[in-house]
Amino acid sequence: MRIRRAFETVTARVFGIDAAPAPARHVFLGAGIETYTEEEPTVAEWLGQQAPTWAGVGAYVVDLFPSASWLRRYNLRWLAGDLIAGITIGLVVVPQALAYASLAQLPPAYGLYTSFTGAALYWLFGTSKDIVIGATAVGSLLVGQVVSSVQQASPDKYKPEETARALSLMTGAVLLGFGLLRLGWIVEFIPHIPISAFVTASSITIMSTQLPVVLGIRDIDTRQPPYQVLWSTTRRLGHTKLDAAIGISAIVLLSVVQRFCGAMEKRMPRQKRAWSYASSLRLTFTMLLFTLVSYLVHRNTPLDKAKFRIVGPIDRGFVRAAVPMPEFELMRGILPQLPTVAVILIVQHIATAKSMGRLYNYSIDSSQETVALGAANLLSPFVGGFVCTGSFGASAVLSKAGARSPLAGLFSAAVLVLVLYALTTVFYYIPDAALAGLIIHAVCNLVMSPKKLYEYWQLSPPELMIWVISVVLAIFTSLQTSIYVGIGLSSALLLVRMARSDGDFLGRVHVQRVTASDEERVSEDQSSSSRDIFLPLDGTDGTNPAIKTESPHPGVFVYRLNDGFNYTNQAHHIDTLSRHIVARTRPGSFEEHVARDSDRLWNDAGPTTATKTIMAKALPPLRAVVLDFAAVNHVDVTSVQGLMDLRNSLDRHAAPDAVSWHLANVHNRWTRRALAAAGFGRRSGAPHLSEKDALGLYDVAETRDCECEGDAESGGWDSSTPTPETRLATVCAVDRPLFHIDLLDAVACAVEEAVVAAVAEVQGGDAERESRG
């Protein structure tokens with residue numbers, strides 16, 4: 001206490017800062033009613049809340065390994081479901097991994113390494129039972145673009161595998177760091193629209209790069225923007241090879257099988273799961289079919305004389321496993337594109353995990369998912385892989401296959417190991433055109449449908465325009481430009497909406513609740529259930545415009561802040577309040593003492609005609625302003641300063657009287673502290689009502705410590721039976737009587753004070769006339 005007093009003395013004398021707390025206000029409300037005085041929050045209190053505790057550290061470690069909580073309950077039924085689902089997804093992932101590696105400009109085996117890493121590691125850190133981490137079309141495309149960028153900057157200096165490994169290592173380190181710091185919530189800052197546009201644009205880009213491979217057309221620079229790739233492919237259609245028969249046949253077969261199985265699911269609902277299982281294996285079946293065709297054609301043909309391009313030899317096992325040691329120059333070349341890769345990977349992964357969670361009624365932890373994804377990407381280059389993320393298509397297959405826990409991924413990893421050690425010789429004959437056709441078929445489902453675009457139009461037309469702009473930019477420039485411009489436009493739209501958010505001047509409406517019935521009149525019981533509500537005076541909120549809305553009292557203005565109150569929108573709100581209030585109230589008596597125009601400010605024209613002067617005198621005087629802070633959580637220096645300036649301006653307008661300010665629904669303690677420091681909440685803002693003469697209107701309620709256990713169980717909303725132990729106390733602090741618990745209470749208090757002020761004004765006028773007489 002002595003230290004605090006010494007600090008207050010020093011700050012007051014040296015810096016002129018009055019740090020002493022406001023004196024306590026003593027209010028007597030009657031016998032048996034306790035008064036409550038709120039303690040202001042302090043920085044030390046906040047730091048104490050943020051400081052780690054041993055219990056918090058223990059919970060952090062437990063949360064870091066969620067598998068420890070469910071492995072103890074693992075049983076044979078879960079094992080059977082996970083085994084079947086894991087083998088199924090392993091068979092589905094193999095052809096996708098082989099195909100997506102080509103998008104990253106890497107040999108097919110690298111796709112298997114990547115998918116193995118995610119499957120083998122996710123169960124340890126992940127919080128979803130249905131997610132599949134591995135090589136994806138979008139992620140592989142990003143790797144391919146980074147590889148091309150590095151090769152353009154440093155030709156023939158770094159191999160594609162080196163660049164891919166370095167990118168995965170850097171991405172994993174960033175994501176793991178964010179996850180360990182529990183910053184997964186930052187993903188929510190990335191808007192959905194630019195990501196959706198990026199996925200569609202990526203699909204178009206992928207299809208444009210794979211079309212020449214499907215048709216067997218060579219010497220096409222697929223690193224160009226999609227429109228140039230399509231134009232170059234169209235010009236060289238005359239160079240189509242036999243590969244086209246393989247590629248087009250693969251696309252047609254995949255589409256036919258998908259549609260057929262989908263139709264059978266609807267016609268035979270009892271066998272829906274079997275048909276879904278058959279549809280999910282169409283990729284594996286198609287790859288094996290065309291591999292068999294290629295084997296029959298090329299079994300006695302050297303690779304350099306093949307009739308159509310095939311994959312060729314694939315390394316057996318994890319021969320590319322090594323400790324990655326990227327050079328500093330290589331990492332510096334990757335760094336500019338690292339944010340784009342990291343953002344796309346984590347957003348795609350968490351979006352997939354959340355969609356699976358909503359589908360099967362469980363929740364996921366975004367920060368822990370970031371840890372799992374970061375760990376998978378960090379380990380991937382050690383076994384020879386590149387960046388990986390959650391695959392929506394593979395995850396949907398895993399969930400339909402009956403996965404019971406995240407351990408299903410471990411069984412799919414076992415399938416990938418078996419493939420790497422036993423089936424690499426079979427993959428020698430896989431046609432490149434068949435893999436390209438598989439990729440085109442897979443990414444076709446990622447293109448946004450017209451129905452979904454129409455939903456965007458209904459939800460938010462400006463965001464649909466951002467989506468279109470982002471996709472067009474990706475087609476004609478690059479994906480990196482598209483994502484940056486999309487996020488920038490979405491952020492600009494958010495700031496504009498915040499800065500121009502409107503408030504409403506509210507009026508009182510007396511309503512009653514009735515039930516629908518055939519009777520023409522309202523019953524007595526129904527008519528008694530009435531209450532007051534507040535609606536916008538201009539009727540622009542969608543309620544019935546024919547409803548009569550009245551001002552609570554002449555000179556009392558009720559204003560609702562609809563979308564926060566901060567530095568971006570405070571000027572708009574302050575200007576709206578000032579214009580509306582000044583135009584609808586008469587100036588104070590100070591205006592009558594302005595004898596000459598030269599005494600006015602340059603921007604104050606004053607009344608120009610006698611008619612306007614008479615009309616102004618017919619307006620009510622300004623009594624009170626009521627602000628509804630229900631939609632406001634935090635305020636800043638700029639917004640509070642704006643309120644202070646408005647208060648001063650309205651005080652000059654109403655001089656010599658002052659304006660009473662009532663604030664409702666200020667629920668944040670730090671917001672109340674800031675407003676109180678600016679002079680709001682206390683009677684000092686309304687000197688025309690002294691502390692002695694001010695109305696004392698307080699809400700009181702029964703205290704918690706007087707409730708008995710039996711009363712808590714038997715009582716309810718309508719329970720009002722008094723007990724001998726009943727003790728009442730004020731709900732809000734008595735030292736801040738102008739902070740109200742709700743809007744109805746604030747308006748009632750403001751109206752009561754306005755009535756008292758009006759009566760005092762009339763009595764003062766009568767006394768003045770009597771003295772003159």
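If you go along the chain as it appears here, the first residue is 1 and each next one adds 1.
Even glycines carry a Cβ here, placed using N, Cα and C.
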Looking at the ranges 197-217, 344-364, 617-637, which is given as transmembrane segment in TrEMBL?
197-217
Which is it, of 244-262, 738-756, that TrEMBL names as transmembrane segment?
244-262
Contact call for the transmembrane segment (464-496) and the transmembrane segment (132-154): at least 3 Cβ pairs under 8 Å, seq gap 6+:
yes
Counting only CB pairs under 8 A, let me know which of 79-103, 109-125, 197-217, 274-297, 410-430 has the most with the transmembrane segment (244-262).
274-297
Using Cβ atoms only, state whether the transmembrane segment (109-125) and the transmembrane segment (378-398) have three or more pairs under 8 Å that are 6 or more apart in sequence.
yes
Same-chain residue ranges lying at least 6 outside the transmembrane segment (79-103) that approach it to Cβ under 8 Å:
109-112, 114-115, 119, 132, 134-137, 139-141, 143-144, 206, 209, 213, 277, 280-281, 283-284, 286-287, 311, 391, 393-394, 397-398, 401-405, 407-416, 419, 427, 430, 432, 435-436, 438-439, 442
Using a cut-off of under 8 Å between C-beta atoms, tell me which stretch among 166-185, 197-217, 274-297, 378-398, 410-430 contacts the transmembrane segment (132-154) the most.
378-398
Remote residues contacting the transmembrane segment (166-185) - C-beta distance under 8 A, at least 6 residues beyond either end:
64, 143, 146, 324, 326, 330-331, 334-335, 338, 341-342, 345-346, 350, 365-381, 385-388
Restricting to the same chain and to residues at least six past its boundaries, which positions have a Cβ under 8 Å from a Cβ of the transmembrane segment (378-398)?
85, 88-89, 92-93, 96, 104, 106, 109-110, 113-118, 121, 130-136, 138-140, 142-143, 161, 164-169, 171-173, 176, 280, 318-324, 341, 344-346, 348-353, 355-356, 408, 442, 445
